[in-house]
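One structure below.
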């Protein structure tokens, strides 16, 4: 597959719509435009034209816009045809383009190939390219703002600034190693220790902000677990603000998981209602209970719901023993509205009424706390787990470099190597040092046409 052949795809989402776009990118598309429209197109001007089949039949009418390289999304020539958003119409326009450009090497685009070309042509760095997909996938206003902040280069600029400072420090180390006859006390002359301290402080700040960005992008997988009829489905409905799950007084109503995404202060939470945990001879219910335990195993957070009107029994004890120790568990006591006296719960628990709305605001705030969300923090950009991992790797190498800095100039070669590794970790975020396998994995997750 040639990276330089022209490519074409429908750029708008599948389905019917008012407007649909066919996008083409590649070298020297002026010739293709001449073939399609019988006339040249002025760059960066919208031309209202008929889109014709090879036999002259008018397929549609719309706007044709030609962007001449390098002033385009991909950095190549780009031709966009904007017509009506019917799937059949767009397929015919795309087919006509591929037919007209066949001898020019025009082919259908792969998923994410337009953005990959933008990256390869240095129109975007890798973090910005990922932000394109995140902006498309954003499910809340906060996530969309965070993705736009990343796309504008805010995150990349912070990473590049740290990277440049590490390079400068490493350059001084290498110079000292290359000219040992000068007998320079590097660590003292160039204030390596305070420079490292400042670098470490700024990197730690960036890591904290990246954690917020990961939470905003990926959210939390929250599983509602407990015995039958403790109010799991009622709580799901209350948090969602809609009747998502069926609620009846019959034990075992929920047989399979019900997943609903909600947003609290812009943070996405994937709430999973599950089958009630109990001993049963019902084959179908048993399958649902096994699936419940699988969901519990993969949860980021478990809400263990209990009915305050019923005393704890052996089943509650069994559930507590089997809950995974590595996963945070919040004990939630439901149906407090049915009590005559005030409920005295456990220290680290919440008392609520899913149906009456009591305690739900406190529960929402506790969910954000357990997610690690800091509402008072600086408005974050979106980040991915790979970004956070790379930042943490860089921090580890700076920590080792700091240990060497406490010694003397005899370990400057080790000091320089740790700086090199820290720099390498940071450049992996923006794509200056990234394997082809990782690039393929990132861009394959994009939609076709982007």
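Cβ atoms here come from the backbone N, Cα and C positions, even for glycine.
What Swiss-Prot says about this one:
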type    : residues                           : note
BINDING : 23, 80, 123, 450                   : (6S)-5-formyl-5,6,7,8-tetrahydrofolate binding site
DOMAIN  : 219-372                            : domain 'TrmE-type G'
BINDING : 229-234, 248-254, 273-276, 353-355 : GTP binding site
BINDING : 229, 248, 250, 253                 : K(+) binding site
BINDING : 233, 254                           : Mg(2+) binding site
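Sequence features annotated in Swiss-Prot and their locations in the structure.
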residue: 23; record: (6S)-5-formyl-5,6,7,8-tetrahydrofolate binding site; DSSP class: strand
residue: 80; record: (6S)-5-formyl-5,6,7,8-tetrahydrofolate binding site; DSSP class: strand
residue: 123; record: (6S)-5-formyl-5,6,7,8-tetrahydrofolate binding site; DSSP class: coil
residue: 229; record: GTP binding site; DSSP class: coil
residue: 275; record: GTP binding site; DSSP class: coil
residue: 354; record: GTP binding site; DSSP class: coil
Note to self: Can you tell me which of the binding-site residues 23, 80, 123, 233 is spatially closest to residue 354 (GTP binding site)? Compare CA atoms only.
What the structure shows: 233
Checklist line | Rounded Cα-Cα span from residue 23 ((6S)-5-formyl-5,6,7,8-tetrahydrofolate binding site) to residue 233 (Mg(2+) binding site), Å | finding: 46
Item checked: Per-residue Cβ crowding (10 Å cut-off), top of binding-site residues 23, 123, 232 -> 232
Next item on the list: Give the distance between the Cα atoms of residue 229 (GTP binding site) and residue 123 ((6S)-5-formyl-5,6,7,8-tetrahydrofolate binding site), rounded to the nearest whole Å.
Entry: 56
Item checked: Mean per-residue pLDDT computed across the domain 'TrmE-type G' (219-372) -> 87
Check: Who sits close to residue 80 ((6S)-5-formyl-5,6,7,8-tetrahydrofolate binding site): which same-chain residues at least 6 apart have their Cβ under 8 Å from its Cβ?
Finding: 11, 21, 22, 23, 24, 63, 64, 65, 67
Margin query: Give me the CA-CA distance between residue 123 ((6S)-5-formyl-5,6,7,8-tetrahydrofolate binding site) and residue 232 (GTP binding site), in Å, as a whole number.
Written below: 49
